[in-house]
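Chemist: The transmembrane segment annotation in TrEMBL covers 35-56, 76-95, 107-125, 213-240, 287-307, 319-335, 341-360, 367-385.
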Amino acid sequence: MENLRSRLKFGSKVEDVKLRRRKSQLYSRQEESPLNIGVLSVTVFCAVFRLINCLLVQTSFVPDEYWQSLEVSHRMLYAIVILSCYNLNTVTYGYLTWEWKAGIRGFSYPLLFAFLYKILQFISYDSVQLLIWLPRILQSLLASFADVKFFFLLQTLENQDVARWTFFCHMCSWFTWFCCTRTLTNSMEATITTLALSYFPLPGSKTHSSKKYLALVALAVIIRPTAVIVWFPLLLYHFWQEDNKLRLITHHYIPTGFVLSWTPVQFNFLKFNILHGVADFYGSHPWHWYLTQGFAVVIGPHLPLFLHGCMLAFKRYKILLAAVVWTIAVYSVLPHKEFRFIYPVLPFCMVFCGISLAHLKSWRRPAAAVLLSANLIPALYTGLIHQRGTLDVMNHLQPLCDVGNVSTTRPQPDVFFLMPCHSTPFYSHIHCPIKMRFLECPPDLGEEAYVDEAERFYEEPLLWFRTSFPYKSSLPTHLIMFDVLEKEISVFLEGNNFVRAAKIFHTHFPEGRVGGSIFIYERH
């Protein structure tokens, strides 16, 4: 009995038993490889998916995807002054819109592509096709990185089943497919917002880091000042939940604000677009537009799942829902509205969609099939067909560079775009210093009885031609126009020997001054 007691005596000091770690390759593979393979497989899948996404988006969306990014980048690197062969006037190779002169746009985003252009120029591979596609490929890879971070964030927040279905909802969103690979500041804002969300202190998150997410938020605001709208309720939530509020303010909020204070672009952007109402110049919508049209289009076929998911996960993710509602409410107050403005909150919505889909149990696979099919149709149509003419026309104009570079009896190319201003890209899609012009439309910045050039042209096209080109020698060699304009200026075209050289499909849904086809007229 005493022997037994001595063996069970807890006070005695007993040496720890050291277990030998087995070095079998079978055991090591089972212990180490699953996580690595998971990260690698998701990363490769997202990268390949977004690269395919990039290649299958061959249409235009809004002018900003060129005029606020690629055109600025191209001018940074290739801006030169050339001497026109005929009128001896200096011509600038490149163009900056009025926003850059007014200081309401920051150069941080275009600098990214300018750096890429510089590398291509250094290795003598700066062909026009690479200048067009490489920025989009870079944007695609950044979007795929955000996809990966979003997936692993979901794994820390939910079980594996819910995480996978949420990720499925995110990847099959038609609007994300349509936007994320474009060189838009909205696309970069959405990418950075998704990355920042992966470090935000959401309930249950194991990857949160105040420094990282605030640095990313600051970067998003520098690239697009309106990013502060999305993050305002999230920042308040973080402050409210934080135990050490003083440390949060002094160590994180103030340093981040200090960085942003050195960029006056945010103030200028607010002054022109909000205080002076310059954004209204580009169109206005009723206050309820996002509620009745905008949000439903952006979220698309996911809408029923989103509404169902809000009922299921309102308490758990009320801060994400608050950010969505807040963003839509703020943008609803502003007169100028566009679909892309609310794109950055789309990943927030996918959290609710995924929870709803996972909750459907036996019906989720049929529901997923319907969701995928319903998103596939608009994704492929808007990516491959709708509004592709304004890009295709630039491909038709690229051979003019060969004419401009070779000394021939033919006149030097002189291209005029008789279209709503900024309908097409410009020198970034031509990459040679031929003479090109378009109808300009800077907003009214205080002038009395102001009418922009584009508006004057469309009011009386024939009168505009007579005053703008008093001599035949000053006429351009090529005119680019939508088909709806052809009949109105047919007298001018016939009288000056302009012959239609090409007809290019643009859209099945012509509207106003934007026609279904684009015509290229050449003077003989």
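Along the chain as shown, residues are numbered 1 onward.
Using N, Cα and C of the backbone, Cβ positions are placed for all residues, glycine too.
Automated prediction, rather than curation, is the source of TrEMBL annotations.
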Chemist: Other than its close neighbours in sequence, what residues sit by the transmembrane segment (213-240), given a CB gap under 8 Å and a spacing of at least six beyond its ends?
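Modeler: Same-chain contacts beyond the ends: 106, 108-109, 185-186, 188-189, 192-193, 195-201, 248-249, 252-253, 256, 259-260, 263, 265-266, 269-270, 319, 322-323, 326-327, 330-331, 341, 344-345.
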Chemist: Residues sitting near the transmembrane segment (367-385): Cβ under 8 Å, six or more positions beyond its termini, same chain?
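Modeler: The answer is 56-59, 165, 168-169, 172-174, 177-178, 300-302, 305, 357, 360, 508.
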Chemist: Six or more residues beyond either end and a Cβ under 8 Å away: which residues meet both conditions relative to the transmembrane segment (287-307)?
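Modeler: Tertiary neighbours of the transmembrane segment (287-307) are 169, 173-175, 328, 331-333, 337, 339, 342-343, 346, 349-350, 352-353, 356-357, 367, 370-371, 374-375, 378.
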